[in-house]
Ligand code: PNW
C-alpha cells in the first residue's frame, strides 16, 4: 500500500519498535529462570483463549541474534524490550542469577553492535511467583524488592542501556490483573485493587533512585492512556468523563508529576504513608505513552456499581481486537497531557502504538498488511500534528517487532511488523515492515 509522503519529524527523533519478555522469549526454565505469575496463570485451565502459554513464544531467547538483524535491517534507532525479573532473581529477592543477566548482556551488546539503542523496561507484568505468594503488589514490601532488582540490573547494564523504563502500564496491571481477573495474577478486587497502584508507583520511585546511583541514562515510565470521548452532554455525562479520566488517565500520572492522587473512584488514602508522594514524584526524564484507542463514556445507570458507563465507539474501522481505529485520539491525548500538566510534563516518547490484524501469508509466503500501514500512517500524522501544536514528542515505538503471545488472547492476535510462524519459528517481514523502513525511518 502506498501512502502520501510522511511529513518530516524533528532531527534526532527516535524511531523504534517494542516487545516484552514473556511475550517473545520462551525458554522459561533456561539458565535458572524462576516462575512468574504469567507462567502460573497461563498454565491454569481456562485463562488463555487458545489454551496456549508463553513456554516457547517466539523462542527469542535462542533467536535474539536473528531478531536483532531484523531490527538493523529495519533501520530503527532504538529497541524497547523488557527484562524478566524472574531471570534476574528467580525468587524475587537476593543475589542476582548471573545466567539470567548474561542473556540481557548479550542482547544489549548485539544491539549496540548494530547501532540500535537498547531501551530496557524493568517490569512488563512478569512478577516472580514467589513474590506473588507473599502478596505481590498488594504487599508494600514488593516496592522495596523492585528497587533491589533495579539495582542489580543497573549494576550490570547501566553503562549501556540508553533509556530506562521502570514499569509498563501499571494501570493495566492493576485493572486487568487485579481488578477484573483477565490478566495474571487473576484477582477480581475491582476498586479494592488500589494498593496495587500505590505500591507499583512506590516501587517506581524507589527504582528511580536506584537507577540514578548506577547509571547516567534517562529514566521513564510507560503509562497506558485512553482519552475520553464523551457520549452525551449532560452534567452527569461530564461527571462520568471526569471519573473515568481520574481512574485511567490521571491515577498514575498526577502523583508521578507531583500533584498527589486525584479524587475519584479507586483512590484509598489509607495505604498512602507520609513521604510516599515525594518518593513517587522523583523527577523522570521522559514520559512513555502507550496509546491504542479512546474510550466512549457516558453517565451510568442509577443502580450501576461504576461511576461511568463505557460505550463502544461507533463509526470507526476496527482491528482484529475489535478496538476502534482513532488516530485523532493520539493527537488529542498528547495535547491533553500538555494542557493538563504544563511545565511539569517531561518530553514524551510514544512507547507503544500498533494494531492486531489477521495477517495470513499468501501462496508465496508474503504477508500484505495494508490495514496496519494505514493505522501507523494515521497515528504518525497525529503525532506530527501534536508536535506542530507545540507538544514535545521525541520518539515513537511500534508495538510490536514480532507477532507474539498476546496475554489472555494467546497466539490469536498478531501485532507484529514481522510475521511469525509459530510451528517453525520462521520470521517473515510484512509489507508494513518495508513501509516503516522506506517511508518513515529512511524516506
Ligand atoms: C499493552 N486494554 O497491553 C501491553 O503493554 C502489551 O504487552 C500488549 O501486547 C499490547 O498493549 C497490546 O495489547 C494492553 O484492554 C492490554 O485496554 C490491554 C489493554 C491495553 C493495553
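We count from 1, first residue shown onward.
Note: Cβ is positioned from N, Cα and C throughout, glycine not excepted.
Keep in mind that what you see is a predicted model, and the values were worked out from it rather than measured.
What TrEMBL says about this one:
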ACT_SITE  169  active site, proton donor
ACT_SITE  352  active site, nucleophile
BINDING   23, 124, 168, 292, 399, 406, 407  substrate binding site
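Projection of TrEMBL feature records onto the structure.
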residue	record	Cβ within 10 Å
23	substrate binding site	24
124	substrate binding site	24
168	substrate binding site	24
169	active site, proton donor	25
292	substrate binding site	22
352	active site, nucleophile	23
399	substrate binding site	23
406	substrate binding site	20
407	substrate binding site	24
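Across the annotated binding residues for substrate (23, 124, 168, 292, 399, 406, 407), the two most widely spaced Cα atoms sit 18 Å apart. For the residue listed as 'active site, proton donor', the spatially nearest entry among the binding-site residues 124, 292, 399, 406, 407 is 124, judged by CA separation. For the pair formed by residue 292 (substrate binding site) and the residue listed as 'active site, nucleophile', distance between Cα atoms is given as 8 Å, rounded to the nearest Å. A distance of 5 Å separates the Cα atom of residue 399 (substrate binding site) from that of the residue listed as 'active site, nucleophile'. With respect to residue 352 (active site, nucleophile), the closest of these binding-site residues in Cα terms is 168, chosen from 23, 124, 168, 406, 407. Look at the residue listed as 'active site, nucleophile': DSSP puts it in a strand.
Residue 169 (active site, proton donor) carries neither a helix nor a strand DSSP state and counts as coil.
Excluding 23, 124, 168, 292, 399, 406, 407 themselves, the residues of that chain whose CB lies within 8 A of the CB mean position for the substrate site are, in sequence, 20, 169, 352, 400, 415.
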